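As recorded in Swiss-Prot, the features of this protein are as follows:
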type	residues	note
BINDING	D118, D120, D122, D129	Ca(2+) 1 binding site
BINDING	D159, D161, D163, K165, E170	Ca(2+) 2 binding site
DOMAIN	68-103	domain 'EF-hand 1'
DOMAIN	105-140	domain 'EF-hand 2'
DOMAIN	146-181	domain 'EF-hand 3'
Amino acid sequence: MGNKVVTFTEQELDDYQDCTFFTRKEILRVHKRFRELRPDLVPRQMTEGQASSVKVPCECIEKMPELRENPFRRRICEAFSRDGQGNLSFEDFLDALSVFSEQAPRDIKVFYAFKIYDFDQDGFIGHADLMSCLTTMTKNELSPEEHQQIADKVIEEADVDGDGKLSILEFEHVILRAPDFLSTFHIRI
């Protein structure tokens, strides 16, 4: 009795609860999942510094059952990693799962979906980004010509201002017409 391991202080849990869409219990569950990815690397009890500095390699995160079959798993890791390489600290991992939770609002989900599809990270989804998305989704099932036609059609239909690329507002307009966007942009912990 009395030998309970405390993962986070009360203040840390309050802070995490304030900046995510999770309850305290869910935050502790997220930490457990994070630790299971690399128990040799992630301490059972984390200090504030470790929560942002101990990073689990992207390759380990990509193997999670919830991401394993997702063709965008690497881009998801890169979009949430502070190092840009896809390696996630606990805080990065918590942010990612918070955005993919049912409680996250639509505008935050749209922002991160845009970030995932913006392969060149220029703040727009251009032709090259669409080609990368199509290649990621279809592998070699479509020809380069078919990829080209689809990318051209998306730009033609979604590019309201005619600049040849999609801004986040144009992307949001398109993505919100997809009836299953909110339900598919989701990871259950």
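All residue numbers here begin at 1 and follow the chain in the order shown.
Glycine is no exception: its Cβ is also placed from the backbone N, Cα and C atoms.
Where Swiss-Prot records a feature, it is marked here on the structure.
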residue	record	CB count, 10 Å
D118	Ca(2+) 1 binding site	22
D120	Ca(2+) 1 binding site	11
D122	Ca(2+) 1 binding site	11
D129	Ca(2+) 1 binding site	20
D159	Ca(2+) 2 binding site	18
D161	Ca(2+) 2 binding site	10
D163	Ca(2+) 2 binding site	12
K165	Ca(2+) 2 binding site	21
E170	Ca(2+) 2 binding site	19
(message) Taking 8 Å from the centroid of the Cβ atoms of D118, D120, D122, D129 as the cut-off, which other residues in that chain fall inside it around the Ca(2+) 1 site?
(response) Y117, F119, Q121, G123, F124, I125, G126, A128
(request) Pop the Cα-Cα gap between K165 (Ca(2+) 2 binding site) and D129 (Ca(2+) 1 binding site) into the table, whole Å please. (result) 9
(request) For D161 (Ca(2+) 2 binding site) and D122 (Ca(2+) 1 binding site), determine the Cα separation and express it in whole Å. (result) 17
(request) For the recorded Ca(2+) 2 site, enumerate neighbouring residues of the same chain (Cβ within 8 Å of the Cβ centroid of D159, D161, D163, K165, E170, site residues themselves excluded), in sequence order. (result) F124, I155, A158, V160, G162, G164, L166, S167
(request) Looking only at C-alpha atoms, tell me how far D163 (Ca(2+) 2 binding site) is from D120 (Ca(2+) 1 binding site), rounded to the nearest Å. (result) 17
(message) I'm trying to understand the geometry here, so how far is the Cα atom of K165 (Ca(2+) 2 binding site) from the Cα atom of D120 (Ca(2+) 1 binding site), in Å to the nearest whole number?
(response) 12
(message) For the C-alpha pair, I'd like the distance in angstrom between D118 (Ca(2+) 1 binding site) and E170 (Ca(2+) 2 binding site), rounded off.
(response) 13
(message) Over the span of the domain 'EF-hand 1' (68-103), how high is the average pLDDT in this prediction?
(response) 96
(request) Take the C-alpha atoms of D122 (Ca(2+) 1 binding site) and E170 (Ca(2+) 2 binding site) and report the distance between them in angstrom, rounded. (result) 15
